[in-house]
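Below you'll find the structure, written out as structure tokens, and then a few comments.
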Amino acid sequence: MDTSSTIPKEIMIIESHKKHRIRFINGFSTWFNQFSILLQRSLKERRHETFNSLKVFQVIAASLLAGSMWWCSNFRDVQDRLGLLFFISIFWGVFPSFNSSFAFPQERAIFMKERASGMYTLSSYFMARIVGDLPMELILPTFFLTIAYWMTGLKPELGAFLLTLSIVLGYVLVSQGLGLFLGALIMDAKQASMVVTVIMLAFVLTGGYYVHKMPYYMAWIKYISSTFYSYRLLINIQYGGGERISYFLGCFHQGNNSASCKFIEEDVAGQIHPAMS
């Protein structure tokens, strides 16, 4: 009796595990098929949106304009170079965040219709959208920086260029994520773009280039500003801790309180450690 009562329980447990495994495999296969089809569709649609002639012209024109304005800038022209680095931070903060804020509101009607008919899950749609957007969003800033970096005569080292590129691409992803978040939260393209514009304006003003001595009730914005952190990292790549440029300007002499030395101390020496940024 003990043998006959235990064997069926063991068989039932084994059969239950098999059913769960088959269900998991079938569910994952279905999800992966949905993801693959949605990814292919997203790539086809986004390819035309991202690489349309106007957007490509806008990016290339901005890179050539920056390269012409800061053509072969000198290492000692600190103020000019900081202006270039902050321009890069502004452009690749506002551009992707503003464009991505339209992503989900524009697709809402189609998405609701397809979800109502049970064509795919929300997670497969979201992951396909994010993965499909990644290569599209990173190609244009790569073109921009490749042109502008060497035209403006920034630190002529491959390692410095690759570090700058990685920071700019990471900053683009953060800005795009902000736009996607607000677009999905508000679900109205005009309202989302307006909110993104106001937030990015606050980030730019507290980014560390325009104002240093901010009122205490506004200073907290600086520490949530992605522009502030990317700008500090770009400066660190070009000037490090500021020792070399301080030596060139003679700021190591005692009692040297010139405007240039104060500028180096406040803007280049850093207000935050690069690891924190």
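In case you wondered, yes, glycine gets a Cβ from its N, Cα and C as well.
The domain 'ABC-2 type transporter transmembrane' feature in TrEMBL is assigned to 34-239.
With a threshold of 8 Å between CB atoms, the same-chain residues lying at least 6 positions outside the transmembrane segment (51-71) that come near it are 80-81, 83-84, 87-88, 91, 136, 139-141, 143-145, 147-148, 151-153. Residues or ranges marked as transmembrane segment in TrEMBL: 51-71 (among others).
Distant neighbours of the transmembrane segment (83-105): 62, 66, 69-70, 73, 111, 129, 133, 137, 141, 144-145, 148, 152, 154, 168, 171-172, 175-180, 182-184, 186-189, 192-193, 195-197, 200, 203-204, 207, 209, 226-227, 230-231, 234-235, 238; these residues of the same chain sit at least 6 beyond its ends, with a Cβ under 8 Å from one of its Cβ atoms. According to TrEMBL, the transmembrane segment annotation covers 83-105 (among others).
With a threshold of 8 Å between CB atoms, the same-chain residues lying at least 6 positions outside the transmembrane segment (126-152) that come near it are 34-35, 38-39, 41-43, 46-47, 49-51, 55-56, 59-60, 62-64, 66-68, 70-73, 84, 88, 91-92, 96, 100, 103, 161, 164-165, 168-169, 172-173, 176. According to TrEMBL, the feature transmembrane segment maps to 126-152 (among others).
Marked as transmembrane segment by TrEMBL: 158-185 (among others).
According to TrEMBL, the feature transmembrane segment maps to 192-211 (among others).
Residues or ranges marked as transmembrane segment by TrEMBL: 217-235 (among others).
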